[in-house]
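Asker: Before I ask anything, here is the structure I am working with.
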């Protein structure tokens, strides 16, 4: 990354990292900073508008929305991070092997990717969750089964170019093993694009996880998750807007953070998505 | 006409993909633990019904023979019966296609209506604040969850326009269109940000192109240069962008149909998952996958038709 590029885009990267950092802090410190227990139902404080006692108001069970939003950061950050990590690792390994060794396995994998990409992403996710049963674990499994294809494609394309590079030839002539060349020489140079993509992918994963939870097929109530909270507030949206507004805004701001990091990293590394 | 030869050859390349799609949908449902007949028919199935399904799908035979029967049934247009609706899956899906198709079309139309003027405004003010604003919106608009945007629209618009329906579909054409306003607006707000980004870049490029310079040199006013020479060229790649995003768009309809209780294929899918109506899940997934492949094919045709230089 060049110094000039670093100078031109620091604000975006810093803002993005600050947003992500703030959410990580909130997630870690939720038990300390949340004013109430996120699942405690206070029958005397149902559907209260925002006030000093309840800055984000309360829901129809009298639960404190601020506390639920803070605790929700734990689940939704986890959704974004785990939901990206598995596909990233699986896709990188598969794409690296396919691109490096080529042949029949490569052809077969590319056909498999074509088939998986023929399904609309959310439809295939939902179909897998239908089989596994609702829940966060099912979501992660479905994510790992479906999400790797983008990373495999990106890495494979990179490896195909890099394996004909001069330094790869040099490594071959030095007598290094093929695995060593792949993992020590080629892969480190191939991952930049995937890492940039993983940030915009985090937005997609976060939104999918929240949407699936909103539909009732992901995180299960009474657990505080932003998508679930939006679903719970739906029937009250015109009387008690605060139940849905704040969890939705949290998704938007976190997604904004990921997008900013991805955008800035893309420019810094000279990667065009 | 050799440019259009791919219309005959391309479908042959789709066959393996569709074949693979059928394998995946088949495997998905067979992965459910337990007796497939009982799983497919639900807990209260009669012994005769179970025997019928066993015979139809050859469930006592080896797995590859079962797949063969599945394929045979598929070619006859039989994908089994829905346990909740008690009718065949394909006719059931057919009744749900119209709302989904209408939603996709109106959402695409609306997002083009939103994206083109804003992209044009940004490109013609390249580097000015309004351009930066549009760039920021188009970069980060994708982070707005559709299910939440839908509720915020209800909150904002239900107060101002109480006539706007917030759920259901209606029976007459006018009624249906009114019911589509909020759902399609929800999707269009996201989709337009995707379109805006590429449209803005394309318009900036074409404003600098030789085509535009030549038009200006002939003394054409800037507005004619823009409308006649720049915009048509810049809009063409959008067709492809829409095709690339069709999977994402369908995902959006699944969620938005559920929010607004719009009786389309997406809502059918979500309800089928809750009622463990696996035949319906299988059928909808299959139809959506075929639709995705078809849309990409149509987009290829449109791209070739729109630009004489493109060869596929």
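Glycine is treated like the rest: Cβ placed from N, Cα and C.
Reproduced below are the annotations present in TrEMBL:
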type     : residues  : note
DOMAIN   : A:73-262  : domain 'ABC transmembrane type-1'
TRANSMEM : A:12-34   : transmembrane segment
TRANSMEM : A:79-105  : transmembrane segment
TRANSMEM : A:112-132 : transmembrane segment
TRANSMEM : A:138-155 : transmembrane segment
TRANSMEM : A:167-183 : transmembrane segment
TRANSMEM : A:195-219 : transmembrane segment
TRANSMEM : A:240-261 : transmembrane segment
Asker: Do any residues of this chain, six or more beyond the ends of the transmembrane segment (A:12-34), have a C-beta under 8 angstroms from a C-beta of it, and if so which?
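Answerer: Distal contacts: 64, 66-67, 70-71, 73-74, 77, 253-254, 256-265, 268.
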Asker: Would you mind listing the long-range same-chain contacts of the transmembrane segment (A:240-261), meaning Cβ under 8 Å and 6+ residues beyond its ends?
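Answerer: Answer is 12-13, 15-20, 23, 47, 49-50, 56-57, 59-60, 65-66, 68-69, 72-73, 76-77, 80, 199-200, 202-203, 206-207, 210, 226-227, 229-230, 232-234.
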Asker: Can you work out which residues elsewhere in the same chain, 6+ from the ends of the transmembrane segment (A:167-183), have a Cβ less than 8 Å from its Cβ atoms?
Answerer: 96-97, 100, 159
